[in-house]
Amino acid sequence: MRIAVIGAMEEEVRILRDKLEQAETETVAGCEFTKGLLAGHEVILLKSGIGKVNAAMSTTILLEKYKPEKVINTGSAGGFHHSLNVGDVVISTEVRHHDVDVTAFNYEYGQVPGMPPGFKADEALVALAEKCMQTEENIQVVKGMIATGDSFMSDPNRVAAIRDKFENLYAVEMEAAAVAQVCHQYEVPFVIIRALSDIAGKESNVSFDQFLDQAALHSTNFIVKVLEELK
């Protein structure tokens, strides 16, 4: 099976890249694509760059050029739910934009005109990730909503404003909704799997720098388990 894995930063893709066999890397429009073999699958690893525009552009190139059957978006995120700690892993059930507001025209908050309010992760991929959850003993793995915006959520006031909009939000980051929206339009199944590098609004910038590598390791190890289970 041909599986695409997307991470925004070098720290988020480096560990998985090192695990690929027969790896070949090429750069298209400034985006790094590495093809290789892992767990019996052909894997295309994309380093997309940070933010929604980079994520949307590179995911479009990925789907047009490499035509993966499924897409997994990995990397770090800021924890939003009160039950979460740094290092925990969140599996998306749904992804939304948290910085889109066209409510003046009767759209839901976060809804892009012409698009659904949120983008549902593929049920089979979520179920597979849930199965892998049961093998994790040292970290907490949960599933829930992830929201995306082009800002790092370190300001407690901004965090509080987002909480008012989304009651059951588990994590925030800067690429997933763009990846999900492109996959939705191309009808390619996707899931987002993110490990927490910080807790949104609580000295997030300090925590991010300190725990990014740990988050990358946790998310990568979990994705390898998913690939091993994927048939």
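These residue numbers are counts, starting from 1, taken along the chain as shown.
A Cβ is built for glycine as well, from the same backbone N, Cα and C atoms used for every other residue.
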> Taking Met57, Met153 as the options, which does Swiss-Prot list with Gly78, Met174, Glu175 at the substrate site?
Replying inline: Met153
> What whole-number distance in angstrom separates the two most remote CA atoms of the substrate-binding residues Gly78, Met153, Met174, Glu175?
Replying inline: 13
> Cβ within 8 Å of the substrate site's Cβ centroid: which residues qualify beyond Gly78, Met153, Met174, Glu175?
Replying inline: Ala77, Thr148, Gly149, Ser151, Phe152, Val172, Glu173
> Using Cα coordinates, what distance in whole Å links Asp198 (active site, proton donor) and Met153 (substrate binding site)?
Replying inline: 10
> Rounded to a whole number, how many Å is the Cα of Gly78 (substrate binding site) away from the Cα of Glu12 (active site, proton acceptor)?
Replying inline: 14
>> With every protein chain in view, what's the tally of Cβ atoms within 10 Å of the Cβ of Met174 (substrate binding site), excluding that atom itself?
In response: 23
